[in-house]
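Participant: I am attaching a structure below and will ask some questions about it afterwards.
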Amino acid sequence: MTHQTHAYHMVNPSPWPLTGALSALLMTSGLAMWFHFNSSMLLSLGMLTNLLTMYQWWRDIVREGTFQGHHTSIVQKGLRYGMVLFIISEIFFFAGFFWAFYHSSLAPTPELGGCWPPTGIHPLNPLEVPLLNTAVLLASGVSITWAHHSLMEGNRVQMLQALLITITLGLYFTLLQASEYFETSFTISDGVYGSTFFMATGFHGLHVIIGSTFLTVCFFRQLSFHFTSNHHFGFEAAAWYWHFVDVVWLFLYVSIYWWGSYSFSIDPMQLTSN
């Protein structure tokens, strides 16, 4: 091994970008086969190889940063920029769902009955399970901040307690969201309301599951003493991601659950005259 005279991480050759690309190809091809031929075998294979690739790739990153010392302050700065750009891309991802919802609801077409929610759709009560979900996620935002401050102060026990509370609240939110889906009187195939509702809330639920997994990994890493008060970007990235999930839910609650549940109609004569 040659002597390194700079603070940058020169990565070693890795098979994971190639296996990740191949698994993504299998997943997208498998998704098309599932839609058209009702066969989920290729999709399952793609998901399995993708999960294995992610596990082994992130395992190598943990080894490089925690045990080999490659994540210097300059490298961590680059990782922070990368995480910020990733969250920005996620913002635009969800912006598409909000755009579709408001485009359809602010000027409902005659096919929808000229009203919103569309004729025949009975929206969920925003003051029941959605409000409880909001309280759960806001509480999880408080507990993850508590965990972060405890880590900064070197209080390992409180950090683990707060992190476990956050993970539990994330699991509780997921269970509430799943129970809510079973109670809805509409499905994803019930026009534009059903498709935008389930796409937006479903992808948010997927992000909650991903964030909970991220935090669970951080919990076990903290049990193994991987984090210190000045070297914990893995946890910091998970906390940023969780706060992003919180903020997206607030927009979802206000837009889709609260504002979108109030009925209003448009006079068809006004549409034709304009």
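Counting begins at 1 with the first residue displayed.
Placed from the backbone N, Cα and C atoms, the Cβ positions cover glycine too.
Below, the features straight out of Swiss-Prot:
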TOPO_DOM  1-15  topological domain 'Mitochondrial matrix'
TRANSMEM  16-34  transmembrane segment
TOPO_DOM  35-40  topological domain 'Mitochondrial intermembrane'
TRANSMEM  41-66  transmembrane segment
TOPO_DOM  67-72  topological domain 'Mitochondrial matrix'
TRANSMEM  73-105  transmembrane segment
TOPO_DOM  106-128  topological domain 'Mitochondrial intermembrane'
TRANSMEM  129-152  transmembrane segment
TRANSMEM  156-183  transmembrane segment
TOPO_DOM  184-190  topological domain 'Mitochondrial intermembrane'
TRANSMEM  191-223  transmembrane segment
TOPO_DOM  224-232  topological domain 'Mitochondrial matrix'
TRANSMEM  233-256  transmembrane segment
TOPO_DOM  257-274  topological domain 'Mitochondrial intermembrane'
Participant: Restricting to CB pairs under 8 Å, which listed stretch, 41-66, 73-105, 156-183, 233-256, is in contact most with the transmembrane segment (16-34)?
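Facilitator: Out of the listed stretches, 41-66 contacts the transmembrane segment (16-34) most.
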Participant: Does the transmembrane segment (156-183) make contact with the transmembrane segment (73-105) through 3 or more Cβ pairs under 8 Å, each pair 6 or more apart in sequence?
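Facilitator: Since fewer than 3 Cβ pairs under 8 Å link them, the transmembrane segment (156-183) and the transmembrane segment (73-105) do not come into contact.
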Participant: Below 8 angstroms Cβ to Cβ, which residues of this chain, lying six or more residues outside the transmembrane segment (73-105), approach it?
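Facilitator: Cβ under 8 Å, 6 or more out: 7-9, 112, 116, 192-193, 196, 199-200, 203-204, 207, 233, 236-237, 240-241, 244, 248, 251, 255-256, 260.
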Participant: Residue list, the topological domain 'Mitochondrial intermembrane' (184-190) vs rest of chain: Cβ under 8 Å, 6 or more residues beyond ends.
Facilitator: 120-122, 124, 197-199
Participant: From the DSSP assignment alone, can you count helix, strand and coil residues within the topological domain 'Mitochondrial matrix' (224-232)?
Facilitator: 0 helix, 2 strand, 7 coil
